[in-house]
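Report on one structure; see the data block that follows.
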Amino acid sequence: MMPVVALVGRPNVGKSTLFNRLTRTRDALVANFPGLTRDRKYGQAKIGELEFIVVDTGGIDGTEEGIELKMAEQSLAAIDEADVVLFMVDARAGLTSADEAIAAHLRRCQKYTLLVVNKTDGIDADSAVSEFYQLGLGDLYPIAATHGRGVLSLLETALAPQLEELAAVAEAEAQAEEGAAEADEFDFDQVDFDGDDIDSVIAAMDKIDEAQAVPFEDLPIKLAIVGRPNVGKSTLTNRILGEDRVVVYDMPGTTRDSIYIPMKRDEQDYILIDTAGVRRRGKVHETVEKFSVIKTLKAIEDANVVLLVLDAHEGISDQDLNLLGFVLNAGRSIVLAVNKWDGLNQDVKEDIKRELDRRLGFIDFARLHFISALHGSGVGNLFGSVVEAYQSATKRVNTSMLTRIMMMAQDDHQPPLVRGRRVKLKYAHAGGYNPPRIIVHGNQVKDLPESYKRYLINYFRRSLQVMGTPIRVEFNEGANPFEGIKNKLTETQMRKRKRMMRFNKKK
């Protein structure tokens with residue numbers, strides 16, 4: 001198991017900067033004011049070929065109240081679960097009472113702790129760090145997280161007790177990668193896709209489908225929980241996990257970062273992504289909140305399934321629809337959850353259901369659940385729909401079946417005439433997964449009206465029993481073999497043409 005390294009300290013000492021440096025990402029928001037990191041955030045990092053987990057935490061200063069008290073509880077929880085604690089202090093600000101309080105707590109915990117003195121660039125490091133020896137935590141490790149100075153030697157010391165375990169993990173992972181079966185390659189040039197032998201094309205495509213099979217069932221399902229601010233996303237995350245994993249407070253904007261949390265349920269691995277709330281652009285003022293919205297939209301792109309949480313008390317808003325549109329445009333599977341359903345009388349519930357039917361009619365393929373994240377009612381039923389949506393998005397269907405479904409759709413409802421000619425659908429094959437992408441080949445298929453394209457999409461959805469995921473159908477036309485070639489007129493046609501030209505001149 002990979003060791004866990006927790007970054008702790010008072011606010012604004014550079015924990016998120018070091019987190020980004022270690023993970024080589026910008027996953028943690030960084031700005032020059034305290035209190036930006038509110039939940040403990042996980043990232044994966046490497047030293048050489050050895051991997052470990054880094055946990056970024058909110059700052060602690062001993063004066064917490066309200067939401068800051070919740071943040072402090074998250075930081076203390078990170079200390080408990082860590083193998084190594086990097087206690088960070090600020091060389092420029094000097095020793096503070098908050099530093100002393102944190103050091104006392106770490107000594108009581110008896111955790112393997114390294115005292116990291118950050119922001120030593122541009123100053124006399126030796127004189128700046130000397131006062132921190134009185135914390136009684138042993139050797140000091142001066143670094144400049146912004147520029148990376150001293151970080152490598154810090155890691156080598158911090159992870160020295162785990163090197164043997166890390167080496168064993170890296171070796172096992174390397175063996176697993178080497179033993180993974182590689183898909184057989186298929187030469188597309190051997191197949192005449194524009195020829196008349198459709199059966200041979202379908203057989204060739206079936207072979208390609210088998211060669212490119214991906215074992216989706218072995219991968220964790222990435223589930224992003226999204227919605228407007230304060231609809232209960234973090235409460236739902238904590239209810240699912242059975243612990244206070246993310247900060248919950250009755251104030252919009254509590255979650256500022258996207259939090260990735262691994263979990264397991266019914267033998268299925270998941271990665272939960274708790275996101276910041278997305279509200280109307282005109283109401284987003286803070287630069288940090290704008291970054292949070294961007295990270296939420298990126299989390300949607302990164303997810304396999306999106307759980308969109310709606311507020312039963314506020315109904316469905318235009319911003320909910322905008323967020324839903326982004327999810328569909330990204331091609332992500334979706335499950336809808338109407339939260340805060342408890343406590344409403346029956347008449348109000350019926351009104352809400354009618355409003356949902358009216359405004360969400362275009363997404364009738366998504367499962368809709370009525371839940372209470374606070375009390376847990378209906379939450380357990382969400383995972384059946386999540387797994388169903390994921391399996392629909394990653395379902396492998398060969399060319400033979402897709403072509404049969406397409407032919408059945410064509411027999412039930414013939415394509416309309418285009419410029420006096422009937423559109424001919426030849427065959428269909430899978431073009432990708434998550435979302436399912438179906439490529440239809442034929443003559444003049446790009447000229448099909450949108451109504452017939454929607455008919456084909458719905459026919460594929462019903463026949464394949466796909467729920468919870470959008471389907472994309474694309475249309476490809478074979479090259480016209482007569483394009484640019486003019487027919488040579490026969491002698492009879494030439495004489496007729498000359499007579500017509502003389503007749504037109506007399507007029």
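Using N, Cα and C of the backbone, Cβ positions are placed for all residues, glycine too.
Summarising the annotation, TrEMBL assigns domain 'EngA-type G' to 3-166 (among others).
Residues or ranges marked as GTP 1 binding site in TrEMBL: 9-16, 56-60, 118-121. Sequence-distant neighbours of GLY9 (GTP 1 binding site) (same chain, 6+ residues apart, CB-CB distance under 8 A): LYS15, GLY59, ILE60, PHE87, MET88, VAL89, ASP99, ILE102. Mapped onto three states, the DSSP output places GLY9 (GTP 1 binding site) in strand.
Look at TrEMBL and you will find 221-394 (among others) tagged as domain 'EngA-type G'.
The GTP 2 binding site annotation in TrEMBL covers 227-234, 274-278, 339-342. Secondary structure at THR275 (GTP 2 binding site), taken from DSSP and collapsed to helix, strand or coil, is coil.
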| task | Count the Cβ atoms, other than its own, that fall within 10 Å of the Cβ of THR120 (GTP 1 binding site), considering every protein chain shown. | result | 22
| message | Using only C-alpha positions, which one of GLY227, ASN230, LYS233, THR275, TRP341 is spatially nearest THR120 (GTP 1 binding site)? These are the binding-site residues in the record. | response | THR275
| said: Under DSSP, is THR57 (GTP 1 binding site) part of a helix or a strand, or is it coil? | reply: coil
| Distance, LYS233 (GTP 2 binding site) to THR57 (GTP 1 binding site) (CA atoms, angstrom) | 20
| request: List only the single closest residue to ASN12 (GTP 1 binding site), chosen from the binding-site residues GLY227, ASN230, LYS233, THR275 by CA-CA distance. | output: THR275
| task | Could you tally the C-beta atoms, other than its own, that fall within 10 angstroms of the C-beta of ILE60 (GTP 1 binding site)? | result | 24
| query | Relative to the Cβ position of LYS233 (GTP 2 binding site), how many further Cβ atoms are located within 10 Å? | reply | 30
